[in-house]
Amino acid sequence: MLSSIKCVLVGDSAVGKTSLLVRFTSETFPEAYKPTVYENTGVDVLMDGIQISLGLWDTAGNDAFRSIRPLSYQQADVVLMCYSVANHNSFLNLKNKWIGEVRSNLPCTPVLVVATQTDQREVGPHRASCVNAIEGKRLAQDVRAKGYLECSALSNRGVQQVFECAVRTAVNQARRRNRRRFFSINECKIL
């Protein structure tokens, strides 16, 4: 079982990656938007009675930081590809930009697609044009993500589930990897 997990969040600028992290780690919501360049934090989480150190790496969505983003990918155990339901371009960019960047740096690391700012479907000025869950699930299948989740950092809906799923996905991937290693080392050969 992993004792520490590195979780990297990617996606366009202003889709709510930092707000999601702040809500999860401090149970508050940042009122002012502050663009991220590169930030990481950590929290201890319990999964099935086992304490795991969860490292959270927030990346800049701005293309100006494309050259330094790969530094945050090193040895990641799981990636959260985030888009805002109120920003259709951020949704399209998961398929047109982010999955390619993630797969070229982390070809075997599990990816989860995370729809953020779901509160905008109910109260936002863009509610009629918001990306719906069916479109999000289809995108997750298209990019071969391990899962699709929705959340709102503002209303604190689905936030905990996003990180529980990230931890469980990373742990399950490590178990599969260890099982493959065990069987490849201990193969029986009939001569």
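Every residue gets a Cβ built from N, Cα and C, even glycine.
Keep in mind the model is a prediction, meaning the values are calculated, not measured.
Check Swiss-Prot against the ranges 24-32, 33-41, 87-95, 123-131 and you find motif 'Effector region' recorded for 33-41. Note on the motif 'Effector region' (33-41): its mean pLDDT in the predicted model is 65. Looking only at other Cβ atoms within 10 Å, the busiest spot among the binding-site residues GLY11, LYS17, THR59, ASN62, THR118 turns out to be LYS17.
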